[in-house]
Amino acid sequence: MALLFSLILAICTRPGFLASPSGVRLVGGLHRCEGRVEVEQKGQWGTVCDDGWDIKDVAVLCRELGCGAASGTPSGILYEPPAEKEQKVLIQSVSCTGTEDTLAQCEQEEVYDCSHDEDAGASCENPESSFSPVPEGVRLADGPGHCKGRVEVKHQNQWYTVCQTGWSLRAAKVVCRQLGCGRAVLTQKRCNKHAYGRKPIWLSQMSCSGREATLQDCPSGPWGKNTCNHDEDTWVECEDPFDLRLVGGDNLCSGRLEVLHKGVWGSVCDDNWGEKEDQVVCKQLGCGKSLSPSFRDRKCYGPGVGRIWLDNVRCSGEEQSLEQCQHRFWGFHDCTHQEDVAVICSG
């Protein structure tokens, strides 16, 4: 009897976390099925230490998230942005057999010695072909500019709307950050009939903490499965801080390129920069055509100081504004000011 009581006590007191799908997520990847592993305990999100973390644990996680088969166990520190210092490591180790339906069914060990340098990561095959990489995965449509409008997400090269059920200012903050549009503006505005979407409603019950880098990092209800109507489409308004200038040249149409973000001017790294990007800048400034300056000419304006805001900018050349081009997250780069972009336009 004593042995039976001890066994029952051990089972009932084994540490665990929420078994619902919203209690587990992957953060920082190109889609919702890869990234740093985070779990929820008592309403707080935290990371999992990689002690003993292996492909069997990832297999269970991928199954729980509906992300197909496990494809890898990358380190969690590879994903940006990194876990915040105040965010706790909640689980020391997870030990799954690989047959469980959720991580909550696996053996877990409470944290005693682990830092964010040891955060676990996971990569799944993701048969749903989730969101495209940032910034193409989300947009604000039918609004007065790039930073106001109906929220739409991209799935398999089609745009779909998002139901406002479960939507919050925290989710709006994520969208505005993802689009490089500054802070989210608190608004009670809803889509009018003219701004209703016509595509299927893809997401509902968004549950963002506000710290996510992209909307696809936020837990949500099942994709494509909801009871919403288009009069419940989500509308978001952000500050629109995007502006650019050329400094250090003889006129307003030549110089080192700087962009305005969050009220601060910063430079742009020249990784992948070329003639198409020059064309968009000249077009936006009303400065005629790009003169495609030589490497030497580009360097004559000197390095900037302060922030480097953009890196890996990619334009097709058809954009009307640099904000419509693809780029890394604002502020993320591997550059120095010796790589600052300079542009010379015909004027």
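Here the Cβ of each residue, glycine as well, is placed from N, Cα and C on the backbone.
Owing to the predicted nature of the structure, the values given are computational and were not obtained by experimental measurement.
Taken verbatim from Swiss-Prot:
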DISULFID  Cys33-Cys67  disulfide bond
DISULFID  Cys49-Cys114  disulfide bond
DISULFID  Cys62-Cys124  disulfide bond
DISULFID  Cys96-Cys106  disulfide bond
DISULFID  Cys163-Cys228  disulfide bond
DISULFID  Cys176-Cys238  disulfide bond
DISULFID  Cys208-Cys218  disulfide bond
DISULFID  Cys253-Cys287  disulfide bond
DISULFID  Cys269-Cys335  disulfide bond
DISULFID  Cys282-Cys345  disulfide bond
DISULFID  Cys315-Cys325  disulfide bond
DOMAIN    24-125  domain 'SRCR 1'
DOMAIN    138-239  domain 'SRCR 2'
DOMAIN    244-346  domain 'SRCR 3'
SIGNAL    1-19  signal peptide
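Taking the features listed in Swiss-Prot, we show where each one sits on the structure.
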| residue | record | DSSP (3 states) |
| --- | --- | --- |
| Cys49 | disulfide bond | strand |
| Cys96 | disulfide bond | coil |
| Cys124 | disulfide bond | strand |
| Cys163 | disulfide bond | strand |
| Cys176 | disulfide bond | helix |
| Cys253 | disulfide bond | coil |
| Cys282 | disulfide bond | helix |
| Cys287 | disulfide bond | coil |
| Cys335 | disulfide bond | coil |
| Cys345 | disulfide bond | strand |
Other C-beta atoms that fall within 10 angstroms of the C-beta of Cys335 (disulfide bond): 17
Spatial separation of Cys282 (disulfide bond) from Cys325 (disulfide bond) - C-alpha basis, Å: 14
Separation of alpha carbons, Cys33 (disulfide bond) and Cys124 (disulfide bond) (Å): 5
Length of the line joining the Cα atoms of Cys49 (disulfide bond) and Cys208 (disulfide bond), in Å: 22
Cα-proximity to Cys163 (disulfide bond), 10 Å cut-off, over disulfide-bonded residues Cys62, Cys106, Cys218, Cys253, Cys269: none
Among Cys33, Cys176, Cys282, Cys345, which are recorded as disulfide-bonded residues, the nearest neighbour of Cys218 (disulfide bond) by Cα: Cys33
Cys282 (disulfide bond), number of other Cβ atoms within 10 Å: 22
